[in-house]
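As recorded in TrEMBL:
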COILED    99-148  coiled coil
COMPBIAS  20-32  compositional bias 'Basic and acidic residues'
COMPBIAS  201-212  compositional bias 'Low complexity'
REGION    1-32  region 'Disordered'
REGION    179-218  region 'Disordered'
Amino acid sequence: MKKIFGAKKNKDPPPSIQDATDRINKRGESVDDKIKKLDEELARYKDQIRKTRPGPSQDAIKARAIRLLKHKRMYEEQRNMLYNQTYNLDQVAFASDGLKDAQQTMNAMKAANKELKGMMKTVKIEDIDNMQDEMTDLMDVSNEIQESLGRSYNIPDDVDEEELMGELDALEADMEFESSAVPSYLQPDKESDFDAELNLPAAPTAPAAVPVSRQQVR
């Protein structure tokens, strides 16, 4: 049967956008090379026309130059058509890449949404509130413990603050009375005498005794 009807041939996969773009770019490069060669020939003809006197020879050169110009315009039209095709392919490729990116973004968002749902099942607002309340109670107990450990054993808790202030005023009055009982000339100056007491001069040394010789006594 295969020999009579023939076996099905495997179809080649359709070309991708990049393959089509590369093929068109190669054709465009080939057309650009042809246009470049025509420009070089036209430059030579232009130089010949400038050097040749008007007449049949100059007309023949102009005819050949005009023919080359027609070929150049034809190639330029082909090049513009290829540029338009490349532009269209670029637009399609841009749209295709945008759809692929959007699809990947959607897949990533779906996976993240599924993961968040699984995490939310293990976390409850009530548990968080209860934990916060327990932390508040623990902090209060900790503060009470710190205050209890920081109590002074020497000063009783029932000491009256007014009584302490009265004792402080009486102490200041006694200090003022003692300072007023000392004569003023005996009271050191606050700054100068205090500095003098700190920077006392060195004690003077007595000169060495000179022995008197017997001859001087005579």
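Including glycine, each Cβ sits where the backbone N, Cα and C put it.
Residues 75, 78-79, 82-83, 85-86, 89-90, 93 of the same chain lie 6 or more positions beyond the ends of the compositional bias 'Basic and acidic residues' (20-32) yet place their CB under 8 Å from a CB of it. DSSP labels the residues of the compositional bias 'Basic and acidic residues' (20-32) in these numbers: 13 helix, 0 strand, 0 coil. Per-residue confidence over the coiled coil (99-148) averages out at a pLDDT of 89.
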